[in-house]
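Data block below; observations after.
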Amino acid sequence: MVQLVGSLRKELADSLSTCKVLVVGAGGIGCELLKNLVLTGFKNIEVIDLDTIDVSNLNRQFLFQKKHVGKSKAQVAKESALQFCPSASITAYHDSITNPDYNVEFFRKFMLVMNALDNRAARNHVNRMCLAADIPLIESGSAGYLGQVTVIKKGLTECYECQPKPAQKTFPGCTIRNTPSEPIHCIVWAKYLFNQLFGEEDADQEVSPDTADPEAAWNPEDTAARAAVSEKDGDIKRVSTKVWARSTGYDPIKLFNKLFKDDIMYLLTMDKLWKKRKAPTPLDWQQLEGNVSPNEEAPASGLKDQKVLDVWGYCQMFQDSVETLSSQLQEKGDDAELVWDKDDPPAMDFVTAAANLRMHVFSMNMKSRFDVKSMAGNIIPAIATTNAVIAGLIVLEGLKILSGEMETCRTVFLNKCPNLRKKLLVPCVLDPPSANCYVCVSKPEVTVKLNVQKTTVLSLQDRILKERFGMVAPDVQIEDGKGTILISSEEGETEANNNKFLSDFGIRNGSRLQSDDFLQDYTLLVNVLHTEELERDVEFEVIGEAPDKAPPPQSNQEEVNSITNGNKDSAQPSTSSKAEDDDLMIVDSDEEEVAASNSAAVATGTKRKYSETGESSAKRPRTDQSDAADDEDDIVALD
């Protein structure tokens, strides 16, 4: 007779009390997961998170209270979880998982790793560390009412990077407020600004510099201190953005100097942010106005919406739109609010002007009104119950792994609407590793198309190896027969190379670069394909990359037609909601990005084969498994 301890077999319950697990992320999903783990019987848990608690987290991260604002998420989550089970042993790290201290040996001490992250870079890194350590990884994500959980095991399943990912659709709050690096970051900021000035204020849509940015203050005490005095910055009393704007009579010039001069100068005082980034350049209205040539006229040719104006042109658009919107607000009366609509000319002009001015401040190429309008999309709210469901599914998959039943593990999708079989939760058979993956194959290799005469060594390091291929500290050697070291992870060794072009080192069409990341125990061979015909604003292309490409048709026609219940799409997430049709999804700073890959099959008409249990075993054209936005989980782009 099977012995039970609670609802678990005695052997499994004993295993839970002794095995050591790692939770990466202590936000939306992480809080629910930590609580579930201790209540299930896990006794040895380590949790790591770089972030600190913000007041906007309190509506869904239930291990935190108002008194915890400004403190380490990992530390407070540990303390709160121990109240459920005081006998558990929980170790908390207020740190980044990419810190070299957390090397392969660190990961090898765990039987299981569970991700609850908020960005693709960290997900890529944990994926590689678990592959190197040969430790099972449970990946997860949520976006509004959608969610996903999947299991990754070296040699048995696809890794997180096996399928190409589309551009990230969600972004951390500190990126939006402090360190934008792409035009979309500035557009999201401008939409937030519209609501702060003219619409319904939302604590999750703050636009002022984030004084508690964990990257700017690594010491937990320093971060807590910053948050504690967040109502005062120097001698400036912090009040509601809308209240302050009303006190100025919505003076466009005062608003401009506050947003693009004073706030930027304040950001510059957070010097840790600019050690490895180009610092922003403040703008001053009076100075810009004085530099305008009286004979300057905009070119007459071309459609108005498709023109990219100069800085002063966007200054004037900002001024005109603020005056128009403030008049509309005044006509509506006290406590009135405006709703942003991309088809409302003054609202669209405001977002276009504010976004482009911020792009200029952060040294990005400005965009036309047409481009800004096409990039602006909906914001997906964070749903606490979605996080709770996903956290429960993570634990269930973990129990299968610890029971030695890896073959029963599944990728599980949480849908917004029931499918044709009236199910919200849809399990799918795990896919095997991709033969074309540049991470988990035995000898990873990629071909990159770029202009060797225009691409600098620093761009190769930061934009290609770190940002695109997820390396943390790459070492690069040219395969030229001499073993020339192009990039060294040792500080100061090759910094003199940073601003030189690849062609200065004899790199040309057909050159091969060996890139090693010793922290990740990962080597990537990069084949260089020189070209002078890249599109405007495109620095490089990865050959063979096609995130939206449908998978090839099944070779076995009988298998293709072997569909139960008479419907090939019955296991797919709903694609009927408006949010899924929009170009942009933003999840709050501690939500997760979900890989709603099955949605791609809806668009491509991919046929599926179901097993006897009704689970999809067809190859799925994945989007992203979890790259969320603002916080610690990720989200997927839906077609």
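A Cβ is built for glycine as well, from the same backbone N, Cα and C atoms used for every other residue.
Whatever TrEMBL says is automated annotation, not expert-curated.
Here TrEMBL flags 25-30, Asp49, 57-60, Lys73, 96-97, 118-123 as ATP binding site.
The number of other CB atoms found within 10 A of the CB of Cys437 (Zn(2+) binding site), across every protein chain shown, is 16. Taken from TrEMBL, the feature Zn(2+) binding site covers Cys159, Cys162, Cys437, Cys440.
If you draw a 10 Å sphere around the CB of Cys174 (active site, glycyl thioester intermediate), it holds 21 other CB atoms from the protein chains shown. Annotation comment: TrEMBL describes Cys174 as active site, glycyl thioester intermediate.
The feature region 'Disordered' is assigned by TrEMBL to 203-231 (among others).
Taken from TrEMBL, the feature region 'Disordered' applies to 545-639 (among others).
Annotation source TrEMBL lists domain 'SUMO-activating enzyme subunit 2 C-terminal' at 545-634. Taken together, the residues in the domain 'SUMO-activating enzyme subunit 2 C-terminal' (545-634) have a mean pLDDT of 35 on the 0 to 100 scale.
According to TrEMBL, the compositional bias 'Polar residues' annotation covers 555-577.
Feature annotation from TrEMBL assigns compositional bias 'Acidic residues' to 580-594 (among others).
The compositional bias 'Acidic residues' annotation in TrEMBL covers 627-639 (among others).
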Check: Around Asn59 (ATP binding site), how many other C-beta atoms are within 10 angstroms of its C-beta?
Finding: 13
Notebook entry, point to check: Residues near the Zn(2+) site, Cys159, Cys162, Cys437, Cys440 excluded, by Cβ within 8 Å of the Cβ center?
Noted result: Leu131, Glu158, Tyr160, Glu161, Pro433, Ser434, Tyr438, Val439, Val441
Next item on the list: Measuring Cα to Cα, tell me the gap between Cys437 (Zn(2+) binding site) and Ala122 (ATP binding site) in whole angstrom.
Entry: 18
Next item on the list: Please report how many Å separate the Cα atom of Asn119 (ATP binding site) from that of Cys174 (active site, glycyl thioester intermediate), as a whole number.
Entry: 12
Next item on the list: Fill in the CA-CA distance, Cys159 (Zn(2+) binding site) to Ala122 (ATP binding site), as an integer in Å.
Entry: 14
Check: Ala122 (ATP binding site) has how many other Cβ neighbours within 10 Å of its own Cβ?
Finding: 22
